[in-house]
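Q: Have a look at this one.
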Amino acid sequence: MTADTFDLIDEWGPEKIVCVSDRRTGMRGVLVIDNTARGIGKGGTRMSPDLSVAEVARLARTMTWKWAATDLFHGGAKAGIQGDPRGADKERILRAFARALANEVPREYVFGLDMGLTEADAAIFADELGDRGAAVGLPAALGGLPYDELGVTGFGVAEATDAAAARLALDLKGARIAVQGFGAVGQAAVRRYAELGAVIVAVSTAEGAVIDADGIDIQRLIELRREHGDRCVTEYGPAQPPAAALSVDADILVPAAREDVIDVDVAKTTTAALIVEGANLPTTPAARELLHERGITVVPDFIANAGGIVAAAHSMDARQSPFPVEPGAVFTMISAKLRANTDRVIEESRQRDIPPHQAAYALAQERVREAMRLRGAPMERQR
Ligand SMILES: NC(=O)c1ccc[n+]([C@@H]2O[C@H](COP(=O)([O-])OP(=O)(O)OC[C@H]3O[C@@H](n4cnc5c(N)ncnc54)[C@H](O)[C@@H]3O)[C@@H](O)[C@H]2O)c1
């Protein structure tokens with residue numbers, strides 16, 4: 001039985017759900033604008049074969065909290081197309097989707113990148129609506145900011161790590177760090193850790209893990225990745241199974257690959273005093289509880305990996321400007337914001353003796369609630 005779409009609505013939102021379809025291309029898609037109390041809804045656009053309205057609504061809600069936790073003035077939104085991102089008719093479907101949302105875009109929503117979409121797809125959206133402001137994530141040749149190439153998210157993860165380590169009186173210079181994942185996020189984080197003087201004792205990809213208590217030669221690993229992709233670890237050698245990176249003796253653990261990898265078993269045995277979530281949802285709820293009991297600090301994903309949304313905020317702002325976004329300004333803001341937010345969440349978590357995730361959600365919810373209150377919408381009248 002399909003749940004009623006009204007069931008998705010609670011006191012926060014969504015404010016608007018727009019389902020669209022197109023007979024000729026078979027396009028089916030949805031835009032969910034969750035909560036705009038703090039600003040226009042913003043969140044990426046994804047394409048996947050089994051996409052559902054409920055999934056897009058959940059992601060839109062996550063964006064509401066992410067923007068508020070980072071203290072940037074956008075609201076939560078997300079859009080999605082149900083379809084195969086590798087299909088031959090992708091461009092026609094994207095164009096049909098853009099046309100169907102022409103009433104909402106760009107006034108209420110701006111397309112962005114998420115699973116299944118690339119910079120080239122953002123360019124199609126902008127072209128179809130005849131408006132460069134209809135999408136962010138455009139190729140550099142159209143004035144866009146190449147987030148992954150610049151490594152904005154990984155840089156932010158490392159900045160958050162440095163701020164959290166300082167709180168624990170752990171000097172990042174000389175600290176031993178293990179990183180799971182060596183993609184856009186993991187690699188950029190490792191590069192920044194090396195600049196900050198940390199010793200990288202483990203790095204893994206889906207192909208394996210390299211471990212060296214004396215420190216991995218990061219430059220060499222980066223060069224190998226350029227040539228061999230995920231197989232850089234086996235080329236560096238000797239490689240162990242990927243999971244080995246999570247159980248090495250380290251001061252700081254950085255999951256930057258997949259969800260649910262830090263489970264109760266890892267939480268029970270890790271030697272790390274600090275875990276920084278580079279990936280989304282890498283720590284299970286049970287593991288978070290256990291880590292809190294063990295006095296191990298976890299910097300939540302939507303605090304630590306918010307570098308991408310700081311970059312997205314700059315891109316939103318620059319959509320109609322002839323001047324491309326200056327990466328230096330983005331990095332400066334990522335550093336300042338993520339350090340301040342990490343500090344604030346750890347402080348709240350300590351003062352109230354609650355896990356940092358709970359502290360971060362509470363902080364985001366307080367900000368959204370206050371914005372809703374100021375707009376004159378008492379909570380009890382929202383249902
Ligand atoms: N790219 C961003 O700006 C961004 C922003 C916020 C959150 N994230 C999240 O960060 C995570 C990583 O994103 P990314 O953009 O770096 O992805 P990516 O595809 O560039 O890299 C993923 C890396 O993880 C590795 N990996 C996969 N399975 C593994 C396993 N079992 N063990 C060890 N390594 C494994 C892959 O080999 C690869 O090196 C995802 O959870 C993503 O949602 C990314």
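Yeah, the Cβs are placed from backbone N, Cα and C, and that goes for glycine too.
Automated prediction, rather than curation, is the source of TrEMBL annotations.
As the structure is a computational prediction, the values presented were derived from the model and not from experiment.
These came from TrEMBL, pasted as-is:
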type     : residues : note
ACT_SITE : K78      : active site, proton donor
BINDING  : K42, K66 : substrate binding site
BINDING  : T153     : NAD(+) binding site
SITE     : D114     : site 'Important for catalysis'
Q: Near D114 (site 'Important for catalysis'), which residues of its own chain have a C-beta under 8 A away, given they sit six or more steps off in sequence?
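A: Listed in sequence order, they are G43, G44, T45, R46, L59, K78, G80.
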Q: Between T153 (NAD(+) binding site) and K42 (substrate binding site), how many Å separate their Cα atoms?
A: 17
Q: So which recorded positions out of K42, D114, T153 are up against ligand 1, CB under 6 A?
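A: Among K42, D114, T153, near ligand 1: T153.
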Q: Are there any residues in the same chain, six or more apart in sequence, whose C-beta is under 8 angstroms from the C-beta of K66 (substrate binding site), and if so which?
A: G76, F302, A306, I309, A364
Q: What is the total of other Cβ atoms whose distance to the Cβ of K42 (substrate binding site) is within 10 Å?
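A: Here the count is 27.
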Q: Work out the three-state DSSP category of the residue listed as 'active site, proton donor'.
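A: DSSP call for the residue listed as 'active site, proton donor': strand.
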Q: Measure the Cβ-based neighbour count of the residue listed as 'active site, proton donor', defined as the other Cβ atoms within 10 Å of its Cβ.
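A: Summing over all protein chains shown, the residue listed as 'active site, proton donor' has 29 other Cβ atoms within 10 Å.
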Q: With DSSP assignments reduced to helix, strand and coil, which class does K42 (substrate binding site) get?
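A: In the DSSP reduction, K42 (substrate binding site) maps to strand.
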